[in-house]
Structure formats: structure tokens, C-alpha cells
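Trainee: Positions annotated as transmembrane segment by TrEMBL: 16-34, 41-62, 68-88, 109-127, 139-161, 173-193, 205-226. As annotated by TrEMBL, region 'Disordered' applies to 261-295. Sequence annotations record features per position, and here TrEMBL assigns compositional bias 'Polar residues' to 278-295.
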Amino acid sequence: YPLSGEGGYGYLKEPWWWAGMITMIVGEVANFAAYAFAPAILVTPLGALSIIFSAVLAHFILQEKLHMFGILGCVLCVVGSTTIVLHAPHEQKIESVKQIWQLAIEPGFLVYSAVIVIVVAILIFYYEPRYGKTHMIVYVGICSLMGSLTVMSVKAVAIAIKLTFLGTNQFKYFNTWIFILVVAFCCLLQINYLNKALDTFNTAVISPVYYVMFTTFTIIASMIMFKDWASQSGLKIATELCGFVTILSGTFLLHKTKDMGNSGSGRGSVSMPRDTPVFTNSGSARSSTSDKLPS
């Protein structure tokens with residue numbers, strides 16, 4: 001079947017792809033429910049657990065090596081996420097989906113949404129055909145940017161469902177259906193480009209980089225729309241930022257050590273990877289380096 005990285009959709013005929021997609025959907029349903037009861041800045045960092053499982057499973061199933069510093073990177077991601085969770089702001093009380101709609105149409109969030117849509121359009125129509133197969137940041141950037149809008153809409157839909165179950169029907173408002181349409185569109189777009197990224201680049205690198213970018217933009221979007229940090233002290237905000245920097249450090253370790261041990265000359269030897277451009281296809285980088293070696 002044509003690879004997704006080459007513009008094909010042959011993965012739709014693969015049973016393993018559907019098995020993975022179903023398990024991911026189950027996890028996202030639980031994640032979806034969490035947004036109804038907690039702020040996005042609290043729920044999203046817990047996605048660090050996906051880094052751990054993705055890196056470990058890639059090590060055992062896909063034979064993508066994860067060594068000592070990779071394990072340390074995973075630990076740092078968990079520590080950073082725990083720090084953010086322990087100091088996250090309290091959820092503001094939402095009584096109607098109309099209240100969320102008023103937050104969404106405030107000038108600040110409208111400007112943010114417009115910028116996101118414009119940047120994603122540029123990435124899709126200009127950069128993706130030229131650099132998509134060699135620069136990971138293109139695919140991951142599309143997914144992360146749209147992901148921030150997805151989370152805001154998911155939170156609105158989740159709250160609408162919660163309030164409906166509590167006896168106040170929120171589906172009689174057109175606002176709820178607009179949020180549902182945004183969720184559907186953004187999710188389909190993310191699935192498409194995330195599959196291309198995973199098909200083209202190392203899974204153990206895609207997962208943490210995508211997590212960091214997705215979390216960053218989600219936190220920014222949540223700050224603008226829900227004003228999560230408005231009621232917090234400077235100390236708590238600084239602690240949360242330190243936790244996020246810790247996650248970034250763990251991600252950096254995972255990226256820089258993804259090839260450790262692949263070219264070891266002896267038993268138990270560990271060799272550091274060559275310096276390759278960040279967010280670039282490692283295979284392409286190695287080819288360009290070898291072209292410069294004397295024959």
C-alpha cells in the first residue's frame with residue numbers, strides 16, 4: 001500500500017493500524033471526560049505518560065533503541081508533569097456552553113485562532129510539499145497548532161455533555177454544534193498529518209516533540225481563553241514554568257540519544273550519535289553527511 005508519508009492512505013487497510021486507533025480512541029474518550037472536570041493546563045501535561053509508553057513500546061516492538069539517557073529523559077518528563085499538576089489552577093465554574101462561547105469570541109482568543117489558522121495553512125500548502133519529508137517540525141507543527149484549538153473545543157463539548165447529564169440540555173444551542181464541528185475537523189486533520197509524521201520519522205522522537213509542542217500551544221490557548229493563571233500567584237506560575245522546562249529537558253535527552261548504541265563497535269559499547277539537524281529526518285541527515293566524506 002502507498003505509505004502515508006508519500007500521500008497514501010494504505011494504512012486504513014491495516015488491522016494493526018485500526019487496533020492502535022481503537023485503543024487510542026478509548027484513551028482519548030477518558031481524556032475527553034477529564035476536560036469536563038479540570039482545566040486544560042492540568043489535564044494536558046498528564047500526556048507525558050504517553051511519552052513513556054511510546055518510547056518503551058518503540059524500543060521493544062519497533063526496535064528503536066532507548067538507552068540510559070532516554071530513560072532519564074522519560075523520568076524528567078514525568079517529574080515536570082507532576083510539578084505542573086501539583087500547582088495547576090482551579091477550574092472556574094461554567095454554568096452554560098454560552099459562557100464558553102463568550103470566552104471564545106473575545107478579541108484575544110479570536111486573534112490567537114486566526115494566527116493559528118493562517119500558520120497552519122502556510123505549513124500545509126507551502127512547507128509540507130517542500131519540506132514535509134525532511135523536516136519533522138512541519139507535520140508536528142500542524143498537529144500541535146490545530147491541537148490547541150481542538151482541546152478548547154473538546155473542553156466546551158465535554159462541559160456541554162456534563163451539564164446535559166445534570167439536567168440542563170446544552171445541545172439546543174447552536175454554539176455546542178459549532179464546537180462539535182471544530183472538534184471533528186481538527187481531529188481528522190491531526191490524524192492525517194500525525195500518521196505522515198510517524199510513517200516518516202522515528203516514533204521515539206515524534207512522540208515527545210509532539211507532546212511538548214502540543215502542550216505548549218494548549219497551555220497558551222487555555223491562558224488566553226480561560227485565563228487560567230489570572231488567580232494564581234507569581235510563585236505558582238514560576239513553579240509550573242519550571243516543571244515545563246523539566247519536560248523540555250527530558251524531551252531534549254530523548255532526541256539527542258535516540259541513536260545511542262546503534263553503531264557501537266563492541267559489546268556493551270555506547271556511542272554518541274552524530275550531530276544532526278533538530279526536527280530533521282535523520283536518514284536524510286546521514287546521507288548528506290556521507291556525501292561530504294572523501295572517497
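Here the Cβ of each residue, glycine as well, is placed from N, Cα and C on the backbone.
Source: prediction; values computed, not measured.
Provide an account of the burial state, proximal residues and distances for the features listed.
Mentor: Same-chain neighbours of the transmembrane segment (16-34): 43, 46-47, 154, 157-158, counting only residues six or more beyond its ends whose CB sits under 8 Å from a CB of the stretch.
Sequence-distant neighbours of the transmembrane segment (139-161) (same chain, 6+ residues past either end, Cβ-Cβ under 8 Å): 32-33, 35-36, 40, 44, 94, 97, 100-101, 104, 109, 113, 116, 119-120, 123-124, 128, 132, 170-171, 175-176, 179-180, 182-183, 186-187, 189-190, 193-194, 196-197, 200-201, 206, 209-210, 213-214, 216-218, 220-222, 225, 279.
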Trainee: Are there 3 or more C-beta pairs under 8 Å linking the transmembrane segment (173-193) with the transmembrane segment (41-62), counting only pairs at least 6 apart in sequence?
Mentor: no
Trainee: Are there residues at least 6 beyond the ends of the transmembrane segment (173-193) whose Cβ is under 8 Å from a Cβ of it, and what are they?
Mentor: 4, 96-98, 100-101, 128, 139, 142-143, 146-147, 149-150, 153-154, 156-157, 160
